[in-house]
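Enquirer: Got a structure for you, questions after.
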Amino acid sequence: MGTGAADRSRGARWWLPWLGLCFWAAGAEAARGADSGEVLPDSIPSAPGTLPHFIEEPEDAYIIKSNPIALRCKARPAMQIFFKCNGEWVHQNEHVSEESLDESSGLKVREVFINVTRQQVEDFHGPEDYWCQCVAWSHLGTSKSRKASVRIAYLRKNFEQDPQGREVPIEGMIVLHCRPPEGVPAAEVEWLKNEEPIDSEQDENIDTRADHNLIIRQARLSDSGNYTCMAANIVAKRRSLSATVVVYVNGGWSSWTEWSACNVRCGRGWQKRSRTCTNPAPLNGGAFCEGMSVQKITCTALCPVDGSWEVWSEWSVCSPECEHLRIRECTAPPPRNGGKFCEGLSQESENCTDGLCILDKKPLHEIKPQRWSRRGIENASDIALYSGLGAAVVAVAVLVIGVTLYRRSHSDYGVDVIDSSALTGGFQTFNFKTVRQGNSLLLNPAMHPDLTVSRTYSGPICLQDPLDKELMTESSLFNPLSDIKVKVQSSFMVSLGVSERAEYHGKNHSGTFPHGNNRGFSTIHPRNKTPYIQNLSSLPTRTELRTTGVFGHLGGRLVMPNTGVSLLIPHGAIPEENSWEIYMSINQGEPSLQSDGSEVLLSPEVTCGPPDMLVTTPFALTIPHCADVSSEHWNIHLKKRTQQGKWEEVMSVEDESTSCYCLLDPFACHVLLDSFGTYALTGEPITDCAVKQLKVAVFGCMSCNSLDYNLRVYCVDNTPCAFQEVVSDERHQGGQLLEEPKLLHFKGNTFSLQISVLDIPPFLWRIKPFTACQEVPFSRVWSSNRQPLHCAFSLERYTPTTTQLSCKICIRQLKGHEQILQVQTSILESERETITFFAQEDSTFPAQTGPKAFKIPYSIRQRICATFDTPNAKGKDWQMLAQKNSINRNLSYFATQSSPSAVILNLWEARHQQDGDLDSLACALEEIGRTHTKLSNITEPQLDDTDFNYSRQNGL
């Protein structure tokens, strides 16, 4: 028994005798009641309503921290009220009593309370909790109250079980478990979503009553969020770790479209139908639809058969009208499947008596003879024939003289080219003779060249007329031609000169006229009112790479250095006596083409213009792309931006079209177009095996802190212009390329990309914990056409004396390919080896015009076109030329051109602008059997000094 209980016992001894006397009296009364057969009650019996009745009994209580608690009792009628705690009487001095009178009953009401301290509860070591009870006395008996327990309140800090994050499909069940910390009294649990309380009474879909767990019966998209379990009692509140719940939507296929028409009009082709992963579209990391988005089946279209005539029948018997006839039928073969009917007459008739026939129903012998003889008739016919021929000769002579005089009167200077090699072929020199004595090619005030240009010259000028000289070749490919005499009128600046200007990031390169002639083109006026150069009223104003050049009838090539983008204007695409300032730009800002669904941008947005310019033959636009086209896992489209800013599909690369042509190479797409505008390539992955080609590179630079060194790892689309943007950014930041960039194949399998720094030298360098590996989500890499994707790592030296850094950087796709970049460098610029940004810097002028822009000499090109544009019974025509140059599809496009061979050669020029591989073209011609001499065997000495100065660099 505790010390306090003993004190209470000694203090109560003075009233115990009196209490015993009362009990003796009550016992006597009880004995008398027992003799009368009544049951002994718990309290001493008395008259009804005379025993003490508790109006207020002590309640269970909790001690918070060190604050004592008060236990109260109130009873009537009561002479005394005492507390008994743990079976021991509480000392009278610890009681506080108050007495009052109940006005309604006139009975005395006594109220007593005591304080229980934390120390008293802690010192008690009984089999049960610390408890206290009230005992009330009246003159007739006693009454006892309920036992009230007293406990020390607390709440542990750590949850026994924190809720865990979940990823569930839509309409799935979510169960978040929570076991609150141990506490007295037991903690109440409340759930928070995004720091807001959850009221399960207002949402029937949520249940929070099941053993502190949170149950969401059918997950909705709005149920995604951060959930927290909150536990609280009278002592404190505790928060669990937040659990992130993601409700995702797996993609579902839409219905199949109708089967497309057969892609060929004749023969074996294919039909396709497609569906999109939009029913529903994947959301919040949901799985992409499984299966193919495009289905293809073969189809066979009946080829149209044109009708052909049978042989003529025998002549019929001479009719009374002195005519006989013959017929033929269109049955060899007859037209079928929409083929053309035979052209020409199905029957012929002619006189069958050589003019001797009955006239007006009269016999021949009754016709009166004419006055002249048969010989006279023949002489009259000869006179008429010779008279007609003489008149024709005179008319031709007058026409030739008139044309010659007209051309001379409209020309400031001219040359007569006498080609003596046309019979034999080959590269020969030319004899020039001037029309006027003393005429030179120098610009003088008396001359008025056919050109008006609104800006100064910026680039080289070729001072010879490429059309004044023809190159011939000794080859059996070409048929001998008769002697020709060509008179060429030249426009001094349009045909002989070029105006170029390259602009990058808005910087203009000023230029002057060559040979010290610092004069603007605006001082030179044309003879007529129509200006030859049509200047642009506006150019693209977005963030872009841009280059411009002036092109005339000779055509040329416009190149964006180190971007893979180029524009080929064929010879003759621009009408004579006209020139255009043509520009080309690459959008480096936010792409205006927003991808739909699974479609991704595979190339830069390339703009060429002016948009209102018309060409007479298709030009070739080369656009780089980053798709791996070695396997058929892509559906690639060419798109064009409209004037309203929207994008519309021009064609699919695999489709047949007569409006444009797309030739897809491993790293670039060559497009033949008739109109200028903004174009881009997009791709829709057909399967998860579709691959994008990424270029990975690492740059490094010192940090502001002299001990830190920063590494930046880039993963960008494998297009030269994308990497050029990275190079430009790094140059501004002072970064240096530490290892040659490498190629990474990134699959469309929805798995993320990991970038890790490995093998850092210990005791020399260190990297912050948990930062050596970074992960990039799949969607960020797959659609990385917004800004260059990169991860930054910060390395710290232990001492300033460390100047060498070696490590490995691993770039890998989960369940995909990986690349290792080996970094071995010095952080001091004086000791670092410079790695060039590009394997071959393009230092050529952005614009080239005339023959220098083309790999195939113009004369050879003309003869190839003349040879292969002519149909051949053995099939050795332009179709064979296309086949030998790996052009096997959409041949109907070339069939619609006026010169299919010229368009094929334009495509060859676009594909071989870097290598100028004339050997491949020569081999193709040899295989066809039309030539036995390779074009690449043409040597420099065969060219005259005044010719086009082709060099080996131009492919010859």
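For all residues, glycine too, the Cβ spot is worked out from N, Cα and C.
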Enquirer: Pick from N115, N379, N535: which does Swiss-Prot describe as N-linked glycosylation site?
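Expert: Among N115, N379, N535, the residue Swiss-Prot annotates as N-linked glycosylation site is N115.
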Enquirer: If Swiss-Prot marks one of N226, N890 as N-linked glycosylation site, which residue does it mark?
Expert: N226
Enquirer: Name the residue from C73, C85, C229 that Swiss-Prot records as disulfide-bonded to C134.
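Expert: That record, Swiss-Prot, gives the partner as C73.
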Enquirer: Just confirming the record: what cysteine out of C262, C289 does Swiss-Prot connect to C277 via a disulfide?
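Expert: In Swiss-Prot, C277 forms its recorded disulfide with C289.
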Enquirer: If you check Swiss-Prot, which of C318, C342 bonds to C330 via a disulphide?
Expert: C342
Enquirer: Name the cysteine that pairs with C299 in a disulphide bond per Swiss-Prot, restricting the answer to C262, C266, C352, C357.
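Expert: Record-based pairing for C299: C262.
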Enquirer: Using DSSP reduced to three states, classify C132 (disulfide bond) as helix, strand or coil.
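Expert: The three-state answer is strand.
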Enquirer: Cβ neighbours within 10 Å, counted over all protein chains: which one of the disulfide-bonded residues C299, C303 has the most?
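Expert: The residue with the most neighbouring Cβ atoms within 10 Å is C299.
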Enquirer: Of C134, C289, C352, which of the disulfide-bonded residues has the most Cβ neighbours inside 10 Å?
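Expert: Counting Cβ neighbours within 10 Å, the top one is C134.
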Enquirer: Distance between C266 (disulfide bond) and C299 (disulfide bond) at the Cα atoms, whole Å?
Expert: 10
Enquirer: Which one is it: of the disulfide-bonded residues C73, C132, C178, C266, which Cβ has the fewest other Cβ atoms within 10 Å in this structure?
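Expert: Each of the disulfide-bonded residues C73, C132, C178, C266 was scored; lowest Cβ tally within 10 Å is C266.
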Enquirer: If one looks at the chain holding C342 (disulfide bond), which residues at least 6 apart in sequence have a CB under 8 angstroms from its CB?
Expert: D306, G307, S308, W309, C330, P335
Enquirer: Among the disulfide-bonded residues C73, C229, C289, C318, C322, C352, which ones place their C-alpha within 10 angstroms of the C-alpha of C303 (disulfide bond)?
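Expert: Qualifying among C73, C229, C289, C318, C322, C352: none.
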Enquirer: Taking C229, C330 as the disulfide-bonded residues to compare, which has the smallest set of other Cβ atoms within 10 Å?
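Expert: Lowest Cβ count within 10 Å among the disulfide-bonded residues (C229, C330) is C330.
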